[in-house]
Amino acid sequence: MALTISISCFSSYFVSLLLLVLSSFSFVCFSLSTVSISHISNQTLVCALNNHSYLQCSSFPLNSIPFSLTGNLRNRRFSGVVSGNGFVCGLISRLDSNTSTLLCWRFSVDGTNMLHKRIYHGPELEELEAGNFRICGVERVSRRLRCWQPYYLPRPDNYRSIALGDNFFCGLSQPPGMISCEGIAKVPSGDHYIAIAAGSRQACAITVDNDVECWGQTQSLPREKFLALAVGEDRGCGVRWSNGTVVCWGNNNNFSLPQTLKDIHFTSIYAKGPMFCGVATRNYTLICWGNENFKSGVFTPFQGLISQVVMPGPCRRECPYRPLSGSQSLCGNELMICDLKRNDGEFPDTRAQNSKNKTWSRRNIAFLVVGCVGTFSLLLVISFLIFKSHCRCRVHDSGRLDDTRTIDIPKLEKRLCTLASLGNPGQLMEFSIDELALATDGFSVRFHLGIGSFGSVYQGVLSDGRHVAIKRAELTNPTLSGTTMRHRRADKDSAFVNELESMSRLNHKNLVRLLGFYEDTEERILVYEYMKNGSLADHLHNPQFDPLSWQTRLMIALDAARGIQYLHEFIVPPVIHRDIKSSNILLDATWTAKVSDFGLSQMGPTEEDDVSHLSLHAAGTLGYIDPEYYKFQQLTTKSDVYSFGVVLLELLSGHKAIHNNEDENPRNLVEYVVPYILLDEAHRILDQRIPPPTPYEIEAVAHVGYLAAECLMPCSRKRPSMVEVVSKLESALAACLTAPKTETVSRSNTY
């Protein structure tokens, strides 16, 4: 195991040198596709990049899934597309900045209710592949593997191509072409593979002889040589090496290519479930087969559209052999689509070529390895020591497609490997369970502070004397059913991952600091700095706590606003908290307020995304949720502004967001207080537990009331940004600390 780790770390430093020397062995195998197939219920959605690289989709039965792009995305050039059960994702790559953005659309069981979400923005992805439930990609420069939806992988590798099944992953390494898999047995050995593909429960690879080898739940294979493969559910198809036509097999020998397609030559083929699609070489039109409901066994998704031509492959910066004829005009920007044939008409990576270079390659590879080890031995030792722990990490799950969990994950992804590799300043510690148990006297009731949405919270003292707050998730409950328990566990895992990822990259005096974590199969624990004075909700709503003065309330409001402003304005992409409330604003020993609990947080859109919001199911706490977000499921930073407006009303009135009126009937704080503010009668709703504001405080209190009303505007576009909120609170606090001015407070922009 140690040897594997050191070689992996070593290769990350010298991969460019190795590739330069081994350029004779360049593989023409790509896992970035321009066609995708998605199934949900009895409906199918086929998407492809047309000859302008625009994303277009067609469903079967016709128009059963009303998928369409909006705004600037209609004319946005995509570099690839992948799909799975109920989702479609498009990759946008910017060559000028070497970055990629991955946008995903998820649709409901009936094919409606499209939800749009960006799940990645970072270093350029050169390879991208999706199974039915998850997505993985490979960065172009570092060859680092990234996956979305939790996925168990033992280590990052320098993958040239990847393939995903329902519960397994396979990768084809950089030359010399070895296959490694997780979640599937009987993986072939050797270093003579040039392409790889996966279906639901089986995977196949093409050798340098152009033979096919399959593993998993395999079917009998035709004795043919292949140029390209597509593997579906218990079936597969391949492009013949000899002439570019297609042959299919599987389904207990009951699956074959429709007779009408026997003589058609294909440039590329794709599969998902029972269905296959191929790009015809003659005119680059897309033809699909495999669905028993297709008329004559064939479906042409884009027939009748103005642009029936689809991209026959991904646009690349360079090709090992020649580019596909005419592809430069399709790609532009000096990009090209790679042809699998060399200029002499032969197919690459045949045994003849391999035999010709075999003696040279074996000898020179040996000299190369010995020379590199001798020359860079010192760097190798240093690299091994630095990355010894990190290279054992499992691959980072860079985001979630959504909150749905379709498989059982044995253990959460450890984030420290990726955080360290990105140079993250979070400095998170991974605590041991023994250390945390010792800090809390075995999680004793004496140290128990309360119960939150994530689980129980304990006060503890670490061995170095630091006072900490420890959140321990409650993953099991004998009173809940199995299904409910699985959903509950998934929610806890999601909150754990969100908190870990969000807090590890945030650093602000008005955000609670995450110190570290512990996780294993049965435990999810987060360790924070200890906040001695509890939460704002405690001091506003718990009679056992002394009420706060008006000046202290304004200072707390300003502190919390500055923390939220940092999330919205100083983090790229911005972080939307989604659960701003008084119980998530904590107070330290000096009464400095800090925002906490990032379990529901989401990364918001940036200007580069060409979208103004995220389409997500509403989440948060009743009474604080933005009505526009709740109704239209469109999340923006202004949703946090609304929630903060409710907190301001709590500070003014002392009431909870949802509380009982004089008749013991539930009452919404916004509906109760805002009308008084608009009538300039805010004095009627002020907290009666403390004396009325002094002449030095009345202007500031009125100012906060008007600001709260602005934050609670029904239309999110009319709400102030957190920059404006901070500015107005600073003015209010200044008014509170000095003699009142003669002019009155402005209510402009309020309703």
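Backbone N, Cα and C define each Cβ position, glycine as well.
Quick look at what Swiss-Prot lists:
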type	residues	note
ACT_SITE	D579	active site, proton acceptor
BINDING	L449, G450, I451, G452, S453, F454, G455, S456, V457, K471	ATP binding site
DOMAIN	443-733	domain 'Protein kinase'
CARBOHYD	N42	N-linked glycosylation site
CARBOHYD	N51	N-linked glycosylation site
CARBOHYD	N98	N-linked glycosylation site
CARBOHYD	N243	N-linked glycosylation site
CARBOHYD	N254	N-linked glycosylation site
CARBOHYD	N283	N-linked glycosylation site
CARBOHYD	N357	N-linked glycosylation site
TOPO_DOM	32-366	topological domain 'Extracellular'
TOPO_DOM	388-751	topological domain 'Cytoplasmic'
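On the structure: features taken from Swiss-Prot.
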{"residue": "N42", "record": "N-linked glycosylation site", "DSSP (3 states)": "coil"}
{"residue": "N51", "record": "N-linked glycosylation site", "DSSP (3 states)": "coil"}
{"residue": "N243", "record": "N-linked glycosylation site", "DSSP (3 states)": "coil"}
{"residue": "N254", "record": "N-linked glycosylation site", "DSSP (3 states)": "coil"}
{"residue": "N283", "record": "N-linked glycosylation site", "DSSP (3 states)": "coil"}
{"residue": "L449", "record": "ATP binding site", "DSSP (3 states)": "strand"}
{"residue": "G455", "record": "ATP binding site", "DSSP (3 states)": "strand"}
{"residue": "D579", "record": "active site, proton acceptor", "DSSP (3 states)": "coil"}
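For N51 (N-linked glycosylation site), the nearest of the recorded positions I451, V457, D579 in terms of C-alpha separation is D579. A C-beta separation below 8 Å, combined with a sequence spacing of at least six in one chain, links N42 (N-linked glycosylation site) to none of the other residues. Sequence-distant neighbours of N243 (N-linked glycosylation site) (same chain, 6+ residues apart, CB-CB distance under 8 A): H265.
For the pair L449 (ATP binding site) and N254 (N-linked glycosylation site), the C-alpha distance works out to 64 angstrom. Each of the binding-site residues L449, I451 was scored by the number of other CB atoms within 10 Å of its CB, and the largest score is that of L449.
For G455 (ATP binding site), the Cβ neighbour count at a 10 Å cut-off comes to 19, with all displayed protein chains included. Among the recorded positions listed (N254, N283, I451), N283 has its Cα nearest to the Cα of N98 (N-linked glycosylation site). Of all the recorded positions in the list I451, G455, V457, D579, the shortest Cα-Cα distance to N283 (N-linked glycosylation site) is found for D579.
Counting in whole angstrom, G455 (ATP binding site) lies 16 from D579 (active site, proton acceptor) by their C-alpha atoms.
Distance between Cα atoms for N254 (N-linked glycosylation site) and D579 (active site, proton acceptor): 54 Å, as a whole number. Residues near the residue listed as 'active site, proton acceptor' in space but far in sequence (CB under 8 A, at least 6 apart, same chain), listed by position: D597, G599, L600, S601, A619, G620, T621, Y624, S643. Each of the glycosylation sites N98, N283 was scored by the number of other CB atoms within 10 A of its CB, and the lowest score belongs to N283.
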